[in-house]
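Contents: one structure, followed by commentary.
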Amino acid sequence: MMKHSTYKLSIGFLLVFLYTFKVSASIHEYKDEQFIPKSNAFFFHGGTEGLYASKSSSNASSDKPLEGKSFIRFEDVVFLRTKESANAKNEMQSRTGLIETIILEVRDRERFGDAFAKSDALCCTPKLAQEKFCTVGEVIIQHNQDNPLWPLRIETFFEGKNQEANMLPKTVEIKSTGMYYLYFMFCDPELKGTIVRGRTVWKNPDGYLPGRMVPLMTFYGLASLAYLVLGLFWFLRFVQFWKDVILLHYQITAVIALGMSEMALWYFEYANLNATGSRPMVITVWAVTVTAVKKTLSRVLLLVVSMGYGVVRPTLGVTSKVFILALTYFVATEALELVEHLGSINDFSRKTRIYLVLPVVFLDASFILWIFSSLSKTLEKLQMRKSMAKLDLYRKFTNSLAIFVLLSIAWVGYELYFNASDPLSELWRISWIIPAFWSLLAFSLLVVVCILWAPSSNPTRYAYSGETGDDYDEEAISLTTGVRVIIDSGTKLERKEKKGSVSTDHVTDPREDPEEDKRE
């Protein structure tokens, strides 16, 4: 029982290790890659992707036999062994070394390795060979009875003293939907130091986009339309009350425009990857940069609103601190996004990603603490000044923001659980909801801000009105007239003049027409 558990852990560790170095592009380049020792074998991971089953063969035309097909194609794959290894062989031998290409669907992982003896061995042992379970010098594979060809093994042999062994061009059609692992392996210790060159092309029925990313292209297309609709309503409102807009409205407009650009860029980036099989570096870098700028400005906008800028205070007073925090956040987010979307192609390690995630998490926490601290002060100030309309506005904003923060915390917990419970990415078809949720949450929060701070003919409900203790009651101001403000101002002025002229019998009415005095 212990041996069987050890075997499962060994195979699980191998697949997790391979998944750690996954490549998300559909064209996988191998440039003098080294084989890594594991148990009694050596392997190199060639790729991991979710692939959908090929469509019906009736869809394929004679000039395009692979149309509608899902496949893995090997192109110019070459194995090079060391001179010492080549010279140690007999020139007259036709086969002096074996490299095996293994394509494994994750559900068949228990068919890989020594399941009979319940050990962690990956290569065939003399004992198993005697029992006719495998051949010495080969990787142990138990074929599926329902599909005898899977897991798939493709053999490439070195000949004589040749240093190179060329893998024959081959296209493997995928007929069953699943998460597929590709790796090259050998069992001969004398081949240690062998490297691999070439590339493989992975394709789904409708394009080169990896299966787990296919729903994201549709999501980004719909998100672009959502931002467009929000931008249209905001623009109409902005034009309708353009005389009453404040600086805060321009900041909200900038965030909407950046969000629209971000979603559109990601859609075109995914569409290009789906059509060509490789990521367009220029579009990807632009998309990453716009995403980083938008995230930064969104957090600065929330902070500025929370501090009451333009509402209870005419200036921020801590501009340098806000700028430093925003700049630091932008740099950290840009680095993380580059690793997320380009690092998988260049095979960045997971440690690098962890080191880049931590600063972003810390800076996000700093923003949240500063935002809620500022909100507390703003609410206290509005309550002391009895600005009831603004107080009600900020209470709604605080409650909404608290809900979004709680949702974020809950989703982080779910994301950690999702990743921990699915280390081999068997749930790849629903993994797209993880990044999609954050985009949806950011859009929802922006909609709330747009609703609360929408331009109107009554800008005084959120505009700065001075630091006097006699603030006007914003709720009493009509949307079409400011009569009460004028009357109150006239009353205050009349009382002030009476105090300054106690001994004067005649008090001049400031509303008297001077032209009438001249005529008299």
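Even glycines carry a Cβ here, placed using N, Cα and C.
Per TrEMBL, the feature signal peptide maps to 1-25. The feature transmembrane segment is assigned by TrEMBL to 213-236, 248-268, 280-297, 309-332, 352-372, 393-412, 432-454. TrEMBL lists 215-459 with the feature domain 'GOST seven transmembrane'. The region 'Disordered' feature in TrEMBL is assigned to 493-520.
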Tertiary contacts of the transmembrane segment (213-236), as residues 6+ beyond its ends and Cβ separation under 8 Å: 24, 52, 204, 206, 252-253, 256-257, 259-260, 263-264, 266-267, 270-271, 273-274, 432, 435-436, 439-440, 443, 446-447, 450, 454
Recorded stretches the transmembrane segment (248-268) and the transmembrane segment (352-372) touching, at least 3 CB pairs under 8 Å: no
Same-chain residues near the transmembrane segment (280-297), Cβ under 8 Å, at least 6 residues beyond its ends: 251, 254-255, 258-259, 261-262, 265-266, 268-269, 272-273, 326, 329-330, 333-334, 337-338, 341-342, 442
Residues of the parent chain within Cβ reach of the transmembrane segment (393-412), under 8 Å, 6 or more residues beyond its termini: 302, 305-306, 308, 311, 368, 371-372, 375, 378-379, 382, 437-438, 441, 444-445, 448-449, 452, 461-462
